[in-house]
Amino acid sequence: MNSRTSWFNVTSVTLGLAFLYLPILLLIIYSFNESRLVTVWAGFSTKWYVELFSNKGLLDAAWVTLRVAFFSATVATVLGTLAAITLVRFGRFYGRTLFSGMIYAPLVMPDVIIGLSLLLLFVSVDFGRGFWTIVLAHITCSMCFVAVVVQSRLVAFDRSLEEAALDLGCPPVKTFFQITLPLIAPAVIAGWMLAFTLSLDDLVIASFTTGPGATTLPMKIYSQVRLGVTPEINAVSTIMIGLVSIGVITASLMTKRRQASRIRAERQAAANR
Amino acid sequence: MSATDRSAPPTPGNRPNPARWLVVAVPYLWLFLLFLVPFVIVIKISLSLTAIAQPPYTPVFDLAGGIGGLIDGISEFTVENYLWLTEDALYARAYLSSLTIALVSTALVLLVGYPIAYGMARAPKGLQPTLLMLIILPFWTSFLIRVYAWIGILKKEGLLNQLLLWIGVISEPLTILNTNTAVYIGIVYSYLPFMVLPLYAALERMDRTLLEAAADLGCPPIRAFWKITFPLSLPGVIAGCFLVFIPVTGEFVIPDLLGGSDTLMIGKTLWAEFFANRDWPLASAVAVVLLVILVVPIVLFQNHEMKRAEREA
């Protein structure tokens, strides 16, 4: 590579990252602004955070959102992992095209269509709308994302370990829990985290499928944003960004460390032989 | 993988047993009931009439009425909502403008995303996981918040105008918020990771010795890019374009928060019909037509993804 192309590469990556991070950074900085005017800097203050913790409506919405995200991510991870196994391991079976279609379509389907169609389903079967309808809706979308994440891991993994266990007479279900699941665990955890954040994030589907009494944080933020930008919203956003960043970075450091220790153990084993 | 894999002994997948059935049936049934069946209901309600009732449409099927009730219901079906969509030019303009905005912004995202993905794929190997992480991280943070962040930047007394006035490029603040420009900025910003990730995956896999061979044979770098690198990155380009184009066509949050009253997008129209006008049958008809428009790109996307999954296996 000559130096001119690498100069180009460095510039494009730097500009790209600046573009991605500057708006978020500005949002965080202005959450510490003394002034109510979001764009005029009037000195450092944490008063918006203090105010936040006395805003009961916002706190309630945050609690609803976290519960929805927890339940939907957990069920979506189980269903999505099953779907991934079906896609990768079961070869051709009757209705496979329809099945993979139903996995890939929700990845790109506009939220307004998914939200509207699920709402109409809940109305026509007379299912009481509220907390649980949002959970059901989120499971349906998230499980497809989980399936794709787990699928890519299943495709890449060494099946000889599974085959060895089966040859030694280990029943298939036990083989799955003893061999397969530990090996695909990083992808399953990543899938759960993705499902969790997708649920935390969703405004459109939740707005359609909710009922009285179940207001999620994005719905609350959206209704306040429509009235104008406030430092309080900046403060909520900063907390959410902080939590998600800590979660994602911790998870990636943990997988990295586990990989490193595994490589070390393998080297040790090879040296002892 | 290798030929030995195909002759491998039967695995849990190939052996008939009840656990295997459960593995297929549970997700299959779930998606069937909560993804496919709802579309049938949307089609049904798009053929109904608005009513001031709960639920706000007629006919409502009376399952207790059996086949007779079903036939009575079907005989009340009407295409009035679809006729209305063709009569009022607003809807046609909204569909057209959604497709235009989606097409233009897909091109913009590709234009912005390609150099980033290229630079990442050519970065030192040790740095690449960190760069990948930095691209993915904003994607994990809330979409709504990222769109919201742009309001403070783009509005009249916002940070961008302050900066430009301070530099002296402009003497009057620009109106960017509540225009289509703001919508494009918001879409490029929000959908950038969807484009960069598949592009990076394709570029990173590429065999670099091909470029060395081209250079040895006297091919100038720019030409080598168009002859070798770009064609090899096409699967990533295609995947990225689908991942941006299809959801953007039905996008609601970005045009609603960053766009103006003259920004026509069908996601916004559907939302307004449903929430403001409470016209569920018309909203359903809008959704059905949107789905018909998007069905071709969605099927193409699925085929692309299925082929990719098979190639990797």
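Numbering starts at 1 and runs along the chain as it is shown here.
Cβ coordinates come from backbone N, Cα and C, glycine included.
Bear in mind that TrEMBL entries carry predicted annotations, made automatically and left uncurated.
According to TrEMBL, the transmembrane segment annotation covers B:20-43 (among others).
According to TrEMBL, the transmembrane segment annotation covers B:94-118 (among others).
Annotation source TrEMBL lists domain 'ABC transmembrane type-1' at B:95-301.
Within its own chain, the transmembrane segment (B:130-151) is flanked in space by residues 116, 120, 123, 158, 177, 182, 185-186, 189-190, 193-194, 196-197, 200, 253-254, 257-258, which lie at least six positions past its ends and keep a Cβ under 8 Å from the stretch. According to TrEMBL, the feature transmembrane segment maps to B:130-151 (among others).
Note on the transmembrane segment (B:158-176): residues 151-152, 182, 185 of its chain, located 6 or more positions outside it, place their CB under 8 angstroms from a CB of the stretch. Per TrEMBL, transmembrane segment is recorded for B:158-176 (among others).
Taken from TrEMBL, the feature transmembrane segment covers B:182-203 (among others).
According to TrEMBL, the transmembrane segment annotation covers B:224-248 (among others).
Sequence annotations record features per position, and here TrEMBL assigns transmembrane segment to B:280-301 (among others).
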When counting Cβ pairs under 8 Å to the transmembrane segment (B:94-118), the leader among B:20-43, B:182-203, B:224-248, B:280-301: B:182-203
Beyond the flanks of the transmembrane segment (B:224-248) by 6 or more, those residues with Cβ under 8 Å of it: 101-103, 105-106, 109-110, 113-114, 117-118, 187, 191, 194-203, 206, 210-211, 214-215, 294, 297-298, 300-301, 304-305, 308
Positions whose Cβ lies under 8 angstroms from the transmembrane segment (B:280-301), at least six residues beyond its ends: 39, 42-43, 45-50, 55-57, 81-82, 84-85, 91, 95, 99, 239, 242-243, 245-246, 249-250, 266, 269-270, 273-274
